[in-house]
Each structure stands twice: as structure tokens, then as C-alpha cells.
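Comments concern the structure below.
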């Protein structure tokens, strides 16, 4: 972990294979130890983590706040409805208010792309040492979700050593609304970095063909890709093409709130063509795990009985794994500024 080089975590395009290994290894150590009640880790004692969520959130916000508290950090939550934004205060001034209060990390979620990056750049220019962690921005990125999905898959394939090597050579199918999904974009960066081949499945209006080249060019603002060899991305139009040979399947929520008018007019037709069921998963040719980043539209992207089948569904496991992954990210960001807390040396 000594090679960690990210003050801010804004996306996964800039992550190297070593970065993924650092996060997954540390998260696995956190997952394997009790850290509630009196046994909280003192790693971030005296630090302040502020969650600035300008979009609704259940899982992500709660998970970050639990993660911070389990590392003994203080937590300050921001709610737009009761803030000075309604009085005309700018988003940057709101962020600076929390910096002035002593925030060490700002976890920022916003409906517009690049807002966390803009805040990070503004704070850097003014010499502030506060770190920014992207909790999801527009259609761009959701790095902690991509990492927890990666860890969930790695742990499923190799419970004792859930590292990037467990993903190498796997065929991972992602079904549904890729166009509007920052989760899908983060998963593309993470999965291909670890050597998985990703198959995207959906209608052209939700899975444009140009996604096949999504990870081929160097990430924006970088001269080269930090990952030497990536897996491939394929786009197909039917589940009959996508599922045979799959090692895992992820389905995505239809984000109707982000869709332009008439982009998708018939939910029943979508379920008929792309909804996952026990019967359809038989096309994989073997038992495979099912993931969904939530929230789930039962009866649209998948059948309710499939979601409740814990021999297949890893959805609740994804939620559980979100806490140790976010603990790992907060710890690594704190370690960027100072030496890691020696209490972690005792973790198995």
C-alpha cells in the first residue's frame, strides 16, 4: 500500500492494477475483522469526513458514513433542502464551508458530470489539503460502486484471495441501461483492468455500439493507460447471444429519470426481451452469480423470485461489501497525507 498515489478518487480510469490490488486487499482485511461497538479501529480518529450528496441516496451515503465511523472518524452530513444553497450559496462555497470546519475528506455526489473533479481542482488551486471522493457524478463515474462490485465478484470466485487475479479471463455480462449508468462505466474500467472480458447487452437506444471502444483510448487527461493489458468489451443485442459461457451477470436499473422522452416507452417489452429469470440464466450453461447495484425495479430488469434466491443473487452481498471497500478508500486517502495507523498492522 506504500505505492498509493491518489489524493482524490474521482474515477477508476486512472487506477493501475496495483491500485485495485491495494483496495481489494485492504477491504478484505477490514471485512474479516469485527469493527463495531468498542472494537472500532482508531485509524481515522480525529479526522472529519463530510458527505455532500446533492442527489438522493440510501446505500452509498449510509455505507460511507458507516465506513467512516468504523474507522473512528467524525461524520458530518449535508442535506441540500436545509442548506444555504436555497439562499443562493454556490456549491463551491458550500464545500469550502466544510473545509473550514476541518473536513479531511469530502464525499460528493451530484447529478452533473465532473462536479467532484471541479471541486477537487478548486481546492487544490487554493492550497487546501482536503481530499475529494466521488460518490457518483452524472453519467460519468461511481468509483466505490465499481470497486465493491469487483470485490464481490473476486470474493465469489476466490473467497480466500479476492484479488484481481480472481477476475482474470472471466466473461462478465452487463444487461440493461448502460447509456445512463455511471456504475456500468466504472465497472468497465475495473473489470477490464483485471483481465475480464465484458459483454454489454441491451437495445441500441440503451447500449450504443460505440461502447466497444470505451476503454481502448487513454483515459481523459492522461498520456497513456495505467493498465498495460485490458480485457475486451463486446456489445450484443440479445440475451441468447450474451449469456452462453458467462461467469457472472449484472443487470442495471432503467434510469427513467435520466432518459429523454420516448427513449424507452414499453417496460413490459423490455422485461420480455431483457428481463432476467431463472429460466433465462440457464442459457449460461452453469450456475452463475447475479449482481445489481440497486435500487431494483422488480419485474422489469429481473424477476422478484430471482432477486430473493440467495443461491444466485449477490445483491445483499454487494451492500455488505460496500462498507469494507469504502473503509479501504477512506483509509488510503488518509494515508496519502500521513503514515497509516499502526493499529492496522494487527489485522490478519
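Note: Cβ is positioned from N, Cα and C throughout, glycine not excepted.
Residues annotated as carbamoyl phosphate binding site in Swiss-Prot: 59, 60, 109, 142, 145, 294, 295. The annotation L-aspartate binding site is assigned in Swiss-Prot to 87, 182, 253 on the grounds of sequence analysis.
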Within 10 angstroms of residue 182 (L-aspartate binding site), Cα basis - binding-site residues out of 142, 145, 294, 295: 142, 145
Residues within 8 Å of the 59, 60, 109, 142, 145, 294, 295 Cβ centre (excluding the carbamoyl phosphate site residues themselves): 57, 58, 136, 183, 293
Alpha-carbon distance [residue 253 (L-aspartate binding site); residue 59 (carbamoyl phosphate binding site)] in Å: 15
Of 59, 109, 142, 182, 253 (the binding-site residues), the residue whose Cβ has the fewest other Cβ atoms within 10 Å: 59
Residue with minimal Cβ packing [other Cβ atoms within 10 Å] among the binding-site residues 60, 145: 60
Candidates 294, 295: member of the binding-site residues with the richest Cβ shell (10 Å): 294
Residue 253 (L-aspartate binding site) and residue 109 (carbamoyl phosphate binding site), distance between Cα atoms, whole Å: 18
Residue 253 (L-aspartate binding site) and residue 295 (carbamoyl phosphate binding site), Cα-Cα, nearest whole angstrom: 7
Whole-number Å value for how far residue 253 (L-aspartate binding site) lies from residue 60 (carbamoyl phosphate binding site) (Cα to Cα): 16
Euclidean distance between Cα atoms of residue 253 (L-aspartate binding site) and residue 142 (carbamoyl phosphate binding site), Å: 15
Nearest-integer angstrom distance between the alpha carbons (Cα) of residue 253 (L-aspartate binding site) and residue 294 (carbamoyl phosphate binding site): 7
